[in-house]
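Colleague: This is the feature table in TrEMBL:
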BINDING   C507, C510, C547, C550  Zn(2+) 1 binding site
BINDING   C516, C519, C534, C537  Zn(2+) 2 binding site
DOMAIN    279-445  domain 'Helicase ATP-binding'
DOMAIN    542-696  domain 'Helicase C-terminal'
Amino acid sequence: MNIAKVIVDVQAKAINQTFDYLIPDKFQDILTEGMRVIVPFGPRKITGFVVGKKTTSDYSQLKKIIDVLDISPVLTGELLELGRWVADETVTLYITAYQAMLPQVLKAQYKKELIRNTAEELIPELEHLFAGRDVISYEEFVHSNISYAKLQRAIQESFISINYLVKSKITKKLVTIIEPSQETYQLEESLIDMSQNAKKQRQLLSYFIEKPEPIEQSKLFQITNTNRTVLRALLDKQLLKENKKEIYRNPYQDTNFERTYPLQLTEQQSIALNPIKEKISHEEHDVFLVHGITGSGKTEIYLQAIQEVISKGKEAIVLVPEISLTPQMVKRFKGRFGSDVAVMHSALSNGEKYDEWRKIQAKEVKVVVGARSAIFAPFENIGIIIIDEEHETTYKQEDQPRYHARDVAIRRGQYHNCPVILGSATPTLESYARAKKDVYQLVTLDKRTNNQEMPAVEIVDMREELHAGNRSMFSSTLKENMEATIGRGEQIVLLLNRRGYSTFVMCRDCGHVKECPHCDIALTYHKKSNQLKCHYCSYEEPMPIVCPECNSDLIRYFGTGTQRIEESLNQLMPHARVIRMDVDTTRRKGSHEKLLHQFSNKEADILLGTQMIAKGLDFANVTLVGVLTADSMLHLPDFRSSEKTFQLLTQVSGRAGRHELPGKVIVQSYTPEHYSIQLASNYDYNQFFMQEMQIRKSFRYPPYVYLSLITVSHPNHVKVVQITQRIVQLLLKVVQEDTTVLGPTPSPITRVKDRYRYQCMIKYKKEPKLRTYIQKIMDQFSDEVRKENLLITVDMQPYHLM
Ligand code: ADP
Ligand code: ZN
Ligand code: ZN
């Protein structure tokens, strides 16, 4: 087995294959699949993943592996297979999938060092190499002629660890631990023998007689009021010994997590949990959709299911949306499972992320709570996978590989024979439809644990406000309610439902929104050409001067920023203290937490923000929630816009009156009769589901069909159109009869960075070979991609149709 099969880091199509390399003798014993290596590729040296070993090759003149980057594998056998699957499913390169599964630190080549973790004798060669030092550079080892197998063994025994040097900042922290090296009675005897003048030494020794446990050196000095000189003397007399221990940077160190214990479940919670527990105990895979209103105790169900899994000696993965990975959420998991929990989210530094990943790899934790990519946690004995707020689109990666964490979760659940739990107050239509067809098990929780009603929702018709002469963003109802709330010393959450480039056109008199006559989707205003365009079928028309419905000249395109709202809020209610939370005020690390902390400290009356304030927040003192423009998302050029509006309104309503104080929700709208606004205000998910399914059916959108999106971009407009046209024609030759291939259609943002973008959309019910077709087409264009600056991207499950 002296030949390694390697997936190399070359970003070109048709290179989704393994290359054979000879394994030099020195790596023979240590090299296993899942390790990264450096190999020659043409004139270059590149990294690659070893995916297997063999004894013969079809090629003669094999080149040799230059170096091994990992002494222990970074990908398990399961993850290697999973990466191939992800790549195939999303039509991407294997190497891209593997890199997406690992923390950033491991995607590049970093300088390494070796750290001695023990005072115990190492094997003579290593002892000689360290020569009394705690840390040496990895190069020293490489040049030492000591065998890799010996180093690997020392690492496996935890005598030595490897540290990757990330931007000159060490990723691992070391602390010195002091402990007695003799029995307590021996220490006592030594104390008696010790000179009375050695006061400090006696003090230090007495400490360990009283408390014969390991302690951090710095703490020891603090408690005993001693120093290194004093300690040195006792170390030399071999009464005490010291060890270096690696500690992890803990991003949540400052927060004290109060221990929580399992609650007595409500009847609904028990009914939901029991079948899940059954699957856990029988080690069977199944997918559960937990449809539970906000406050119905879903999180408690997750916690108790995880408890069950841990007690079986297994591990749990919990995914939450990035923006709801707030300290409040983390607290609930750390509170129950303490240091068994690793947390992974994008606000962590690369070093911190790497620490958390290593805790998982080293099996030092049992639970990982994290955003999307935590689905690739290198656990080997998974007992449950939970996806909270399963409807969130952040679970879909919008970059290669364009995978959906839900699909990966189910794949891993099948491999590990464990249940997958999808939880939401407003499940996606896709998931709910599957549950209705018994593909998933549906469990419903329609009562809050405290039996409180959901807050009452009042819809304000903004057209009437306008007719009454109020041209501001705040209706008189909202203003009065805000004044009253502040008067009672309670707090307000104000949501500006805005999406960056949501420039749909609406009549402010009658609420009429211009839609495409063929697609039932709002037309998008293109400022430059003053045209309205449909991004699904290319239909366009000029921007109207008056409303085609009511002839009013107050027909405008929409788009308002939080900053402007804040200014008018300050004018309207000068005494109210406002915290604004949007991408601008939360860009800096930790600012998100800081603003929330200020608000929960009651340093402000109003929290004003975009979508990011709608999720997971739980403030006892918030009794009023205002939605400034419920419509703005409704008319995005996206067939999911009604669903997203319903989800957002339901979610934000759940923010009011979570505790003893009753809550109220005011929703301002120019189209108050729209079913997603009406049904959200009644918390009627089932009716919404049925109505929206009808629409999806008649316009042929998911979940009735699958979508795939191919986007072509190039600086030359004509070329983009031509190539997209060719792709459409190639596809039409091979697809099934009931499959629709649409295009070439300009992308909603047709030119980005001087490149034109066109797309081809495929709508299909069943196309088992579609990925192969697309791959073939991509291969066909690979020359042009390489030489002519052409870019073709594939999204097998598009969410952003931009
Ligand atoms: P969800 O995740 O569905 O929004 P949570 O799990 O956050 O609901 O529960 C809402 C509140 O009810 C929390 O404060 C939680 O501590 C509490 N809770 C959950 N289950 C119970 C229970 N069985 N008994 C009492 N309180 C509970
Ligand atoms: Zn009108
Ligand atoms: Zn259209």
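Residue 1 is the first one shown; counting continues down the chain.
Glycine residues also receive a Cβ, built from the backbone N, Cα and C atoms like all the rest.
These numbers come from a predicted model, not from an experiment.
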Colleague: Averaged over the domain 'Helicase C-terminal' (542-696), what pLDDT does the prediction give?
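Modeller: That region's mean pLDDT is 84.
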Colleague: Which of the three DSSP states, helix, strand or coil, fits C507 (Zn(2+) 1 binding site)?
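Modeller: Its secondary structure by DSSP: strand.
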Colleague: Among the binding-site residues listed here (C507, C510, C534, C547, C550), identify the one with the smallest other-Cβ count within 10 Å.
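Modeller: Comparing Cβ neighbour counts within 10 Å for the binding-site residues C507, C510, C534, C547, C550 gives C550.
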Colleague: Between C510 (Zn(2+) 1 binding site) and C516 (Zn(2+) 2 binding site), what is the CA-CA distance rounded to a whole number of Å?
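Modeller: Cα-Cα, rounded: 18 Å.
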Colleague: Reduce the DSSP letter at C547 (Zn(2+) 1 binding site) to three states and note it down.
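Modeller: SS state of C547 (Zn(2+) 1 binding site) = coil.
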Colleague: Taking the Cα atoms as reference points, how far is C507 (Zn(2+) 1 binding site) from C516 (Zn(2+) 2 binding site) in Å?
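Modeller: Pair distance, Cα basis, whole Å: 16 Å.
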Colleague: What count of other C-beta atoms do you get within 10 angstroms of the C-beta of C516 (Zn(2+) 2 binding site), across all chains shown?
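Modeller: I count 21 other Cβ atoms within 10 Å of it.
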Colleague: Can you tell me which of these binding-site residues sit near ligand 3, meaning the Cβ is under 6 Å from at least one of its atoms: C507, C510, C547, C550?
Modeller: none
